[in-house]
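A short write-up of the structure that comes next.
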Amino acid sequence: MAKIVDIKGREVLDSRGNPTVEADVVLDNGIVGSACAPSGASTGSREALELRDGDKSRYMGKGVLKAVANINGPIRDLLLGKDPVDQKALDHAMIKLDGTENKASLGANAILAVSLAAAKAAAQDQDLPLYAHIANLNGTPGVYSMPVPMMNIINGGEHADNNIDIQEFMIQPVGAKTFAEGLRWGTEIFHHLKAVLKARGLNTAVGDEGGFAPNLASNKEALDAIAEAVANAGYTLGTDVTLALDCAASEFYKNGKYKLSEEGEYSSAEFAEYLAELTRKHPIISIEDGLDESDWDGWKVLTDKIGEKVQLVGDDLFVTNTKILKEGIDKKIANSILIKFNQIGSLTETLEAIQMAKAAGYTAIISHRSGETEDSTIADLAVGTSAGQIKTGSLCRSDRVSKYNQLLRIEEQLGSKAAYRGRAEFRG
């Protein structure tokens, strides 16, 4: 049995130029596992705490030296001599040491970086690909699938400096036969969309997640531009390719109303109907955070209205937290959960959220954050848990493409052992 002989933390930069935490877990046989914690822009109020320094003289207060010190001090002392393969024991030990509900003492970014680095070291120690080790931890050894990518090709909201309210307009290549084919389709549509926007005299600069970030007259104009790009690329909208939205509605929910910059102001019931109408007019098969995280009555209205046919994803709503997810399941709120490592702060708790969702008939979508690094762990998580769907941004920026490239490698390794199920991964 290999043992942990050293743990090192350091401050590195994410894709937005903000500091984040990287950790190395070193084993007695010389193996080193390294991992970085991501960071979000639009965040749920109940996410685990990302520990920042608050020292305005460094990185405008966003430094993470406190989290790094926690890795190099108490976390290192706690885990020296431990078995890296026993992920649950490592994570539970760190959670216990932290002693808070939201990991405010050590920092979720510190705990997560070590948690993922340990998993990578353990995979290497067993001579396993990371996705295979994750499948073992998930209790599903040897069971894999390739995820359908939800490609964010127009960015708005908190992810872009433009006037679009809805945060993400996504495409899914549901008619493709393999992940590689789906990735090619999405890439071709992305390039055709650039041409469509240019022809309309619109900006083709990209947002945090690599999607285009033009100023548009309405959310409808974004959907129309995507439809034109899909057709120009030679694909059929609704069969080859479908649409998805991330409203991030908490960002424009003010005083009990949903306030869109161009379309006006809506009550919860009215906004639920606004979204339902969009699904009737466009092949939108997934809507994330369609209502505010605190508007559970509105969520119930939306779920009852279109939940049988449309995937309704809780991100800010559930924050990868099993306690909150269980409440949602019991109340029949939404039908899907977005899975983000750093919302909960450990690999073990992430796997528990995926397992709970699947047991209740909810889908689970593995997701990046807007502040990413070259770390591609979420690709292995998607395959190793057979999640079926992944959100990792657009078809540019190496912080996004690194995940797609890892999925290409995995599909090449697994071949027919990992099916790409396309439309079957979604409701309706």
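Heads up, residue numbers simply count up from 1 along the chain you see.
Just so it is clear, glycine is given a Cβ too, placed from its N, Cα and C backbone atoms.
Annotated in Swiss-Prot:
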type	residues	note
ACT_SITE	Glu209	active site, proton donor
ACT_SITE	Lys340	active site, proton acceptor
BINDING	Gln167, Lys340, Arg369, Ser370, Lys391	(2R)-2-phosphoglycerate binding site
BINDING	Asp246, Glu288, Asp315	Mg(2+) binding site
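Here Asp246 (Mg(2+) binding site) is compared against the recorded positions Glu209, Lys340, Ser370, Lys391, and the shortest C-alpha distance is to Lys391.
The full span of the recorded (2R)-2-phosphoglycerate binding residues, Gln167, Lys340, Arg369, Ser370, Lys391, taken as their largest Cα to Cα distance, is 17 Å. Separating the Cα atoms of the residue listed as 'active site, proton donor' and Arg369 ((2R)-2-phosphoglycerate binding site) is a whole-number distance of 8 Å.
The subset of recorded positions (Glu288, Asp315, Lys340) lying with their Cα within 10 Å of the Cα of Arg369 ((2R)-2-phosphoglycerate binding site) consists of Lys340, given in sequence order. Summary: among the binding-site residues (Gln167, Ser370), the fewest other C-beta atoms within 10 A of the C-beta are counted at Ser370.
Counting Cβ atoms from all protein chains shown, Glu209 (active site, proton donor) has 31 others lying within 10 Å of its own Cβ. When the recorded positions Glu288, Asp315, Lys340 are ranked by how far their Cα is from the Cα of Gln167 ((2R)-2-phosphoglycerate binding site), Glu288 comes first. Long-range neighbours of the residue listed as 'active site, proton acceptor' (same chain, six or more residues apart, CB within less than 8 Å of its CB): Pro38, Gly40, Asp315, Val319, Thr320, Ser367, His368, Arg369. Glu288 (Mg(2+) binding site) is 15 Å away from Ser370 ((2R)-2-phosphoglycerate binding site) when you measure Cα to Cα. Across the structure, Lys391 ((2R)-2-phosphoglycerate binding site) and Glu288 (Mg(2+) binding site) place their CA atoms 11 angstrom apart. Surrounding the centroid of the Cβ atoms of Asp246, Glu288, Asp315, where the record places Mg(2+), the chain contributes additional residues within 8 Å, namely Gln167, Glu168, Leu245, Cys247, Ala248, Ile287, Asp289, Val313, Asp316, Leu338, Lys391.
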